[in-house]
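Read through the structure below, which is laid out as structure tokens, and then see the notes.
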Amino acid sequence: MIDRHSLAPLRHQRFRYFLGARFATLLGSAIAPIAVAFAVLDLTHSPATLGVVLAARTIPMVVLVLFGGVVADRFRRDVVLVSANVVCLLTQSLAAFLLLTGTAEVWQIATIEAVNGAAAAFTFPALQGLLPQLVNRSELQQANALNGLSRNVTMIGGGAVGGALVGFLGPGWGLAVDAVTFGVAALLISRLRLAGVPREAQQRSSTWTDLRVGWQEFVSRRWVWVIVAAFCVFNAVTAGAFQTLGPVIADETFGAVGWGLLQSASGVGLVVGALVMLRWRPRRPLVVGMLGCGVAVFELLLLGLSPTLAPLLVVGFLVGVGTDLFGIGWETALQENVPTDRLSRVASYDALGSMLAVPVGQLLAGPLAAVFGESGVIVGGAVLLAVVVALTVADSSVRGLRRARIPAARG
């Protein structure tokens, strides 16, 4: 049951502005990939070209995310977010105009996606460091859970909205709606009016010094880099074995509709996981989170050895629950234990590890499947994940990290 304490962050007006902004941008972010994909395919009918356009967004994110962390720690995070959202408002408006007027070319869409990727490199670290400035420390987990709930609901509904927009009105209108969501987010974030960063904090060191300080903060906490290293492997396996080879298995067995149902089951699980974390404060959040993520081992084993839809839907739901148990616990652990003025830089190193791992898994999936078969690679991925989960949970720094002892929020 959700009680008053679970919803305590909503008492803060600035958090409500933040949550509204996140809902808007997450809705747009669920629509945009569908619109971009069909826009490029309409222009070229080439999956390879679509891959180039998608890479045009990813590469600037990888290159700039560490600098995004420096900027978010050095300047007001609300200003960083408003600036990034305004940039995306302009770029998506331009893309929508080009598509709706029939003048779009692929190089234009790729360039716009590259600018959007650069903006995202600054957005993610700023968002990670923002919540401790909006709510009481005792409310961080509930705030992260509400943020996760918003993300999961828009992920489930946004894809359907995006598909309908693109299918009935065309990709241009999908990107037009995405542009509007960035405008709404910029307006709401501008209402936060966070305290200014002291001038000496802005001028005290060079960018490279700030990056080095962030790295030192990152490696000085063993549990941080152990978890990030574990998820480099986790994300690579998920991207390769599940996201790349999973559809191949599905196509040969329970079909595309079944694959879509499996994604939906995971999405519902994510919502339930966020609801659970509104109430539950596990004493060892990282241990609980890693064990929750370990359910993915059984999903891969089922997919590789016995791809039957009914049990996969059950396990997929549990994977969704476990994913949010980890995600919300991880974000809260960082916010409770890393100084706020260095939090965005630590988050940017975390993001870099995740971003680099995904294309590695995607690129290795095909060649490995050619040697071992799709099922062999998926089962091998399950075994590798089981080893990673066991080693991570066995690490003393991960087991030793306990929920901060904070008095319950009043009111």
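Cβ coordinates come from backbone N, Cα and C, glycine included.
Checking the ranges 177-198, 309-330 against TrEMBL, the transmembrane segment annotation falls on 309-330.
Among 21-41, 79-100, 257-278, 285-303, 309-330, 285-303 has the largest number of CB pairs under 8 A with the transmembrane segment (376-394). Note on the domain 'Major facilitator superfamily (MFS) profile' (1-398): its mean pLDDT in the predicted model is 91.
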